[in-house]
Structure formats: structure tokens, C-alpha cells
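Presented below is the structure to which this report refers.
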């Protein structure tokens, strides 16, 4: 089955393939929203009376705004390759993107410009993920590529998680919000371990010309152990959660060790992905400890969020944007600096709060580095994401 290539067009290519608008505006919105969040914290304001712009907004936008956009962009490009069926472009892609954007903007408009009905905000935000699931699910089923239906299922589960958040914000339920955010983070961790297990060794092998070691006994355990940890966590089975978290930490360290090659430190597109993946067993280890010693569970949460999600997304966005625009797989020095700052932001966000007196300082330093990292990323990648492929093909 061959992809039917539309006309390339001239100059402006933002809506030629799904990764372009979602990567660009994920980076931009993450930088701007972090700026706004730090401004509010600096004023001593961290909770509000309105619909989403609060501490809940910060977590919600990290998961259902930023991370969801990166996942969507990646999947729209990947499904096209997996199935040889064209995914949305042009007006259809623009419509999907504008729906995502509306979900980000409406809570801000409602607070700062004119009040909007809370159900309108909720419905707009809730529509996006199931539409993405449908968009990727149709070509996956048509092509018989059933192995990748797992991503459609995860997107629908993320929709459920988002619904749990909105139901409490709307006053329908009283105790579902935290579970919704918890479920969403766990599902995104699952996406990272599934996709990381596919692309990190593949990219490493291609870049370094060696065969990564894959443990045949370990791979079948990855999803079941992650699912067991997530379910135990959702049902607040503390000791069982710690047990499964410890097992997950162990198997992901072993898994990552098989992909390691020292000379990867000379290739930023490779080491950033390995470093990002290392935050995953770190998050599991910290989660295991939080169930048995006096350690805040938010330390583990930020190992997954600021650490793994931050570094994994910037690394994948850099690599995918180059590959899908037919550019050489080499990053500018400014991008390497962005990678380093993102990794340091994750480390600081995880470890500085271990000293209570340094908690807020760590939040602000980490947030500042996060913002600067995305600013440096956007300098070379904005034109890459806006301009056509170098080889003249559509995409």
C-alpha cells in the first residue's frame, strides 16, 4: 500500500504532517505556561477559585496539554510510517490542532477576559484525545497493524483520566481529580517505556553501528509490571505499590544497560534519550521508597514528569523533526545546550526538594531552566517545523 502524496506546496509546511504543529506549540506553550506558573508562585499565589488555573492547572497542562500534544505529534507521524496510510494534513490537521489549542486557551480566557461556562471548557478539552484515538485507530485497523492498537487504547484511557479530573472540577464527583492525574501520569510512563523500548535501541544501533542487547525474558514483563504498579497505586495499596515500583526500577535498569554504549556521549540525539529513560527507573525507585520511608511521593512524580517526560520529549522532538524533514541527524550546539539544561532541570526538580529549605528555590531554578531549554530549542526548530522537507517530498 502506497501513501498518496499531496502536493508539497511552497514555503509554509506547518500542517503537512501531524508532528509539525503539535511539536511547535507543545514547546511554545510549555515555555509560556511555565513562565506564568512561576510568576504566580512568585506572588505567593498557587490556588485559585476559577476552573483550571491553579495547582491543578499546572499538573493538568503538563499531562493533557503538553505531553498529549507531543504524543499526538509523534503518533500522527509514526502511524503514517507504520501503515503507509496518509494521516490528517491541511485543514483536517489544522482543525485537530485548533481543538487542542482551544483546550489550552479557554481556561485562561475565562479567568482573564470573560467568564465562560465550565461545561464548555470541559467538553472542549475532553474531545481532543478521543478524536486522536479515532484518527490513528482507523489507519491502524485498515492496515491490519493491530500491534499498535495499544496506543489507541492508551489514548482512550487518558480520556477517562481527563474525565475524572473534569468531573470533580464540575462538582459532579468529590474525589476523582487526584486519581485522574495519577492515572494520566502512569499511562504516559507506560507510553514512554513502550516507545522507548522500540526507538531508543533502534536509534542507538543506527547511530553507533552496533547491536543493542535485548533481553528476551524481560520484554514480556514490561507492560504487565507497569500496569500492576499503576493499578496498585490507584487503589492506594501502598506496600504492593512499593513492591511493583521496585521491580519496575530493577527491570528498567537492566533493560537500559543492554542499549548502552559509551561512545554515545558523542551523539547528543542518543545520550539525551538514554538519560531521559534513566529517569524512569529513578522515578520507580523513589516511588518504592516513598511507600516505606518518610519521602514525599511528589519526588517520584517529578522524576517521571520533569525528568523523564521533559528529557524524553525534547530528545524525541529533536530527532523526529530532523528525520521527517529529510535533514541530517545532527543538532546545532544551541540544541545541545537545550538538552543539557532540560536534564539539569529534571535533576534539580527531583533532588533539591529533598532539603525542605531549598524546595521553592529548586522549583524556581528548575522552572527557569525548563523555560530556557525550550527557548533554545525553538530557535533552530521553529523554521524546521514551518518549512517544507529538504527532499521535496510531502510531510
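Positions of Cβ are set from backbone N, Cα and C atoms, glycine also.
Nobody curates TrEMBL annotations by hand; they come from automatic prediction.
Quick look at what TrEMBL annotates:
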TRANSMEM  21-42  transmembrane segment
TRANSMEM  62-79  transmembrane segment
TRANSMEM  91-110  transmembrane segment
TRANSMEM  116-137  transmembrane segment
TRANSMEM  149-169  transmembrane segment
TRANSMEM  181-203  transmembrane segment
TRANSMEM  215-232  transmembrane segment
TRANSMEM  238-257  transmembrane segment
TRANSMEM  269-293  transmembrane segment
TRANSMEM  299-322  transmembrane segment
TRANSMEM  334-355  transmembrane segment
TRANSMEM  367-386  transmembrane segment
- Query: Counting only residues 6+ away from its ends, which parts of the chain sit with a Cβ under 8 Å from the transmembrane segment (238-257)?
  - Reply: 193, 197, 213, 215, 218, 221-222, 225-226, 228-229, 232, 274, 277-278, 280-282, 284-285, 287-292, 300
- Query: Okay, the transmembrane segment (149-169) and the transmembrane segment (62-79): do they have at least three CB pairs under 8 Å, pairs separated by 6 or more?
  - Reply: yes
- Which residues of the same chain, at least 6 past either end of the transmembrane segment (21-42), have a Cβ under 8 Å from a Cβ in it? 14-15, 58, 61, 65-66, 69-70, 72-73, 76, 93-94, 97, 100-101, 104, 313-314, 317, 320-321, 360, 363-364, 367-368, 370-371, 374-375, 377-378, 381-382, 385-386
- Message: Is it true that the transmembrane segment (367-386) and the transmembrane segment (215-232) have 3 or more CB pairs under 8 Å, sequence gap of 6 or more?
- Response: no
- Message: Can you tell me which parts of the same chain pack against the transmembrane segment (299-322), counting only residues 6+ beyond its ends and a CB-CB cutoff under 8 A?
- Response: 19, 23, 26-27, 62-63, 66-67, 70, 73-74, 77, 185, 188-189, 192, 196, 199, 203, 245, 269, 272-273, 275-277, 279-280, 282-284, 286-287, 290, 328-331, 335, 338-339, 342-343, 345-347, 349-350, 353-354, 366, 370, 373-374, 377, 381, 384-385
